[in-house]
Structure formats: C-alpha cells, structure tokens
Amino acid sequence: ARSTTGKYYKMSDSSDSGKKEDVKDEVQLAKEIEEKCWEAFLAFDKDGTGQINSGEVKFVLEMMGIKITESEMFKMISEIDPNNSGNIMYSDFKNLILDREIQRLKGSDETELLDAFVAMGGEADGEGCVDARKLIDTIKSEFEMTIDIEKLIEEIDEDGSGEIEFDEFKALLQSD
C-alpha cells in the first residue's frame, strides 16, 4: 500500500520500478518545496543579494503557508544564523525548510502507518499485535497485490510468533 503522499513507503513486488518512482516523487517534492521557498524568499530579497534579514523570516514563512510559533521561529533563526549577524542566506534557509517539510511529511506517513496498524487490530499507542494470517488475507483479498506476502511476513516476523508488532508492521510496509 502506498501512502496518500506516495513518497515514503510502499509494498512492492520484485520489480525496481516502484523504487525509481518513489525517488522521482521525492525529488519532485523537493523541487516543489524549493520553488515555493525561492519565490517567497525573492519577494523579500529586494536587492537580490541572496539574503534577507532575520526579521523577515516570519513573513517569508507566512507567504509559504508555514505557520510556526515565535519560539519555533527563534530556534529556526538560531540554526540558520548561528553568529547572530541578522542576515539569512537563501541556501541556509532553503535547506532548513526542505528538511523541516520532508520531516513533517514523514511524520504524517508514520500516522498513516499507525492508523493502518490499528485498523488491523493493533493499539493506537503502537502496542499490541496484528495477526499475520489476518494481514495476509486482507492484503490478498482487498488489495489484490502480486507480492509474496507470506515470504515478506516470514522475513519481518523475527520471533516467528505469527503476530506482527508495530515495528515489524512498519518494516513490512516500508520494505522495498
């Protein structure tokens, strides 16, 4: 199953095409974020020097649709302006935003994985287990996938219990 963002996890058959597609999706995502970042940064970089002052960071973020608290903003500025010069270089700003947005998306994927785990019988706090047989039957009947799910579960279920814990469930859905 792929996440709704389609970027960070999937179940695959033996082909390599899914892996290439995921890399392409991640590259495309990074390009989109970078483009948004550049447009917003440029609106405040009036003299074209590739830098803005630290007081403008909040406005650039708002223009990008990113809402953060004052304390988060000060933490962000301290990361990209450790010398307290008051000048924020585009490259530093862009790298920080890329990391932040990709981590945010990965977090939403983690939530999707936990939701799927709960739907299969696990607990909302990541505790409990999913019955391997139930998981196999669900994948075969509802998703009509052409993967050898039994083999994947055998590899993932390290203790051979027939019960899939959250870490094993996550590894299964993120397996290539």
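Using the three backbone atoms N, Cα and C, a Cβ is placed for every residue, glycine included.
Just so you know, TrEMBL annotations are computer predictions that nobody has curated.
On a predicted model such as this, the values are computed, not experimentally measured, just so you know.
As recorded in TrEMBL:
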type	residues	note
DOMAIN	32-67	domain 'EF-hand'
DOMAIN	68-103	domain 'EF-hand'
DOMAIN	144-176	domain 'EF-hand'
REGION	1-23	region 'Disordered'
For the domain 'EF-hand' (144-176), what is the mean per-residue pLDDT, to the nearest integer?
80
When the domain 'EF-hand' (68-103) is classified with DSSP, how many of its residues are helical, how many are strand and how many are coil?
25 helix, 3 strand, 8 coil
